[in-house]
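Annotated features in Swiss-Prot:
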type     : residues                               : note
BINDING  : G34, L35, S36, G37, S38, G39, K40, S41 : ATP binding site
ACT_SITE : S108                                   : active site, phosphoserine intermediate
Amino acid sequence: MEEENIYPIFDRMLSRKDKEELLGQRGVMLWLTGLSGSGKSTIAIALERELHKRGLLCRILDGDNIRSGINNNLGFSAEDRVENIRRIAEIGKLFVDTGIITIAAFISPGNELRQMAARIIGIEDFLEIYVSTPLVECEKRDVKGLYAKARRGEIKNFTGISAPFEAPEHPALSLDTSKLSLEESVNTLLELVLPIVGKKGEKI
């Protein structure tokens, strides 16, 4: 008996190129990494709005919409943290392969974690953006009161306080929001991203 292809649907689906031509843009992953309170989600939301104004389709993935949904069965053990990032990367790959500009905003504290995400998504489609705002500034902001709880020992293994954060070795871009305004951060990102994703209506 001939070996059956258990994934025959992949051979019949429209290609990534078909979808990118329909959208008039190239799919790419912008992976924002940095400490809690560094400005990742704020930048992601502002960038999405600017890209949307230009007729470009985007999707944000962050802790709120991932942990409350597909990853709501995961905790914060070492194993669960790896699985959290693995699932995010797999979801991100689906969006990127559909031609969507995907913006992921996650602490993702280890280089190995981010390298795993890059391998899943595809190195050529993965732009690592380091939101390098210093700990002292992030702790000063502490909008959710997490740093205060971590200092009191109420939160264990909190990145930057009781757990390490490994700065990216070769990020595509570094943004320190203690020195850059939100507008400056977004404009810097646009300068990086627009030439890569193409403009609506132009051949990509």
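Even glycines carry a Cβ here, placed using N, Cα and C.
Highest Cβ count within 10 Å among the binding-site residues G34, G37, G39: G34. Other residues of the chain with a Cβ within 8 Å of the Cβ centroid of G34, L35, S36, G37, S38, G39, K40, S41, the ATP site, are A105, I107, V131, T133, C138, T177. Among the binding-site residues listed here, namely G34, S36, S38, S41, G34 has its C-alpha nearest to that of S108 (active site, phosphoserine intermediate). Within the group of binding-site residues (S36, S41), the Cβ with the highest number of other Cβ atoms inside 10 Å belongs to S36.
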